[in-house]
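As given in TrEMBL:
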DOMAIN    279-365  domain 'Ig-like'
DOMAIN    370-441  domain 'Ig-like'
DOMAIN    461-555  domain 'Ig-like'
DOMAIN    562-656  domain 'Fibronectin type-III'
DOMAIN    660-755  domain 'Fibronectin type-III'
DOMAIN    759-844  domain 'Ig-like'
DOMAIN    856-952  domain 'Fibronectin type-III'
DOMAIN    993-1081  domain 'Ig-like'
């Protein structure tokens, strides 16, 4: 029986039977509620399955969490399963119809109930602070009151927020909850006077009537089952009684458990039908059975209904009824059978059959038949390889049995044959092996008795050296490695094993060398092999069946000894040659080659020079650093490995001679001497350069004469003691510690005869212009010249000879120096230099200008005064300092303070108008002259002052005032001078936009920033707009726009081919607009393979 109840907020749990009524339950919002379902399990063999649903299909097992929990318990004394559904802190959307379904095998039961969530009553909260706040006196609104409830009822859900905002509703959510709980007026059905009940229940095999009452009997009616229309059949019968329409369902089965609905015109009502199964009762129970093994057992029972499901049990455990099971289950109508075709002792026990409405049990006893032994098994001793036959004879003859060897079941195979003929059981083994020895047992099936025998196998000892797979039974091992030689042996009983080397027996207790025997193999172990372990080892096997011997040869090989230190007979600039002797001991394996290593003497890091073995005993290392000491060593290699290194060779240093001297030329030739010069070699090397050796020979001979007995470090040398008129060849060698370099020889012979060279003055570039110096500075000029023999040098100034007391002149073979310690203006002039060799002469003129500060201007006068302006005029200075006047500096001073202030500097003209003078002040002016040396030491000041008067005074009054106030100041004539003021109109600078530099068609590379530039002139300032393909560019991060002083720039960041197109720059102001266009093409770089 299944019960359902609830426990909510401490209320006692109520239990009611399913389907008695649809239970309504209530819970406050935020409260907790517990639904309890109890299932009696007295007749159930295992726990039933329970499911909780909300609505029709929502399985609540997948919704468990913080607000929903499912629990279950079982009471062993009352045999009741308790299932609980906890709803914690219920919300408004938890309301609805719930269903609990319980199932056990083919049984099913369910119950539906409704849950309503009530709104919690909120306690009125008092805000004390609001009581002390000043309340504003609200003016009464004369507008008519509006019923918001009616507006919300008639409005669509998407208009709720708009209505709440319009009428000042702040708690819209609470208002909608209250409106949802308001009773709704149910519309009266036009088709049905009475609809179907929400649910119906019927027992399996029973009959149910579904009745509806129509308001209009003429309406066409259709019945549906799970959405499929039902047609009249013997199972479904439709009846008409007045306005009632009845559907009768006969012989209800579990297939009829479904949702049913009836449609009348456009209206439809529905219900659910639940079919309840009746318990199956056992009418006739099973009876006890007593039999013997190999007999057939059949247990029979009879139940109350055909096709019912029953369960067969043995000792409380369900009987397996699969395809491979010994048990078979069959049914005939209401009768059910359990059949055991071939009974065994293990089938003894208590058997029971269980149905949903009862249980029946009985005891089955299976006993063994008596066993008689006519012939028992006999012990045997068999030679290895001979056949084995074991035979016994028992009664009864139809009893099968099993053969065991040492407790292991023997299965028939190609070698083993098991025969059973009537009373005789025989085991045959074609060829015996050592594994066949042991205790054999024959066990008749179903009996506790067994027959036993023992088989003993004998075999003479034998050493199986063929398993080593070594040629000539020779084992080769590298010295220092561990050797474990395992050799299979055979023999029954196990033979005694002795290992020997010569006459010495190897014991099992040996430390480094020992012999061990385990089962069917013997082993020789040498922990660390040595050269002395090489030799022949003998193995001796003995047992009662015979004796066997074998011999194994062990060869211990090792790496070769280290060679002796190598010799280095020859050394070059970056190479050397080395030789060595083979090692004295090759390690028992031929030498395959050698490795060579080298290192710097001061280093500890060796570097291998070859990766392929060197077969010979000589090698030539290369790519060494010149001047660095090196050492080399050798490794010998055989098939085992690499030997230890040899001792390092004696240290050697690679050195190389320098390259030949460069640019050998003749510098000078006289009647008895030849002077040559050259440049150092391009490559000197680590050995350095000790000096040069100069050699010469007479043309036509090969006799080279060393000119310098001692090395010269200079790159110029004069060969002396030559005969006039002869021709010689000259060569130069560079020498260092490695020897002499290749000689550098002149291409042509030299005639020993002095040659006249016309003089030539090489005026430096800075002396070809006027050479300027300030007074007091030093003058030091060097003028080189050429000519042979030594030219004669003379100097003239302005055509006159130079006095040595004023200017110092010093001449050498190749230049002339003119020196003035402290220059004066009198030293200025044109200096003429003459160089003469015999009848050849060359001249050059050098212009020297000595400059000084200029004098002040000669006269400064006030030309005119008007308003706040004064016009000044002056004449240039009499002394310009021997340099052009570059400008003037004008200063002013108020008569009251006589503090001078600079008005303007570097002024070039001889007249100026000083403006912005203060009215009422009287000013003096002075002027400095300026040249390349600076300002003049003194300035020329105006003799008269200028009085700045206010405009509007009559010229006569002004003149009188100036005359009396300042007799020596600038005055006006009594007639006065009137200033005619011109009216000037302001120039209109406004201008419409005009592009002074247009855009230019551009090619850009994809991935590299590109810029477009143009310039525009406009007043007022124009607004600049950039467009791509006539679409304005706005807030695009790929573009940056700049505008500075009318220059407009558009930067395109890392353009792609899609950025190509027509770009436009448009400028707009109040006076008009202008635009320029250009085309941008973006090219993609292609990588050449």
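Just so it is clear, glycine is given a Cβ too, placed from its N, Cα and C backbone atoms.
Just so you know, TrEMBL annotations never went through curation; they're auto-generated.
Most Cβ pairs within less than 8 Å of the domain 'Fibronectin type-III' (562-656), among stretches 279-365, 370-441, 461-555, 856-952, 993-1081, belong to 461-555. Each residue in the domain 'Ig-like' (370-441) gets a DSSP state, and the totals come to 3 helix, 39 strand, 30 coil.
Residues belonging to the domain 'Fibronectin type-III' (562-656) score a mean pLDDT of 91 in the model. Counted with DSSP, the domain 'Fibronectin type-III' (660-755) comes out as 0 helix, 45 strand, 51 coil. Here the domain 'Ig-like' (759-844) is broken down by DSSP into helix, strand and coil counts: 6 helix, 49 strand, 31 coil.
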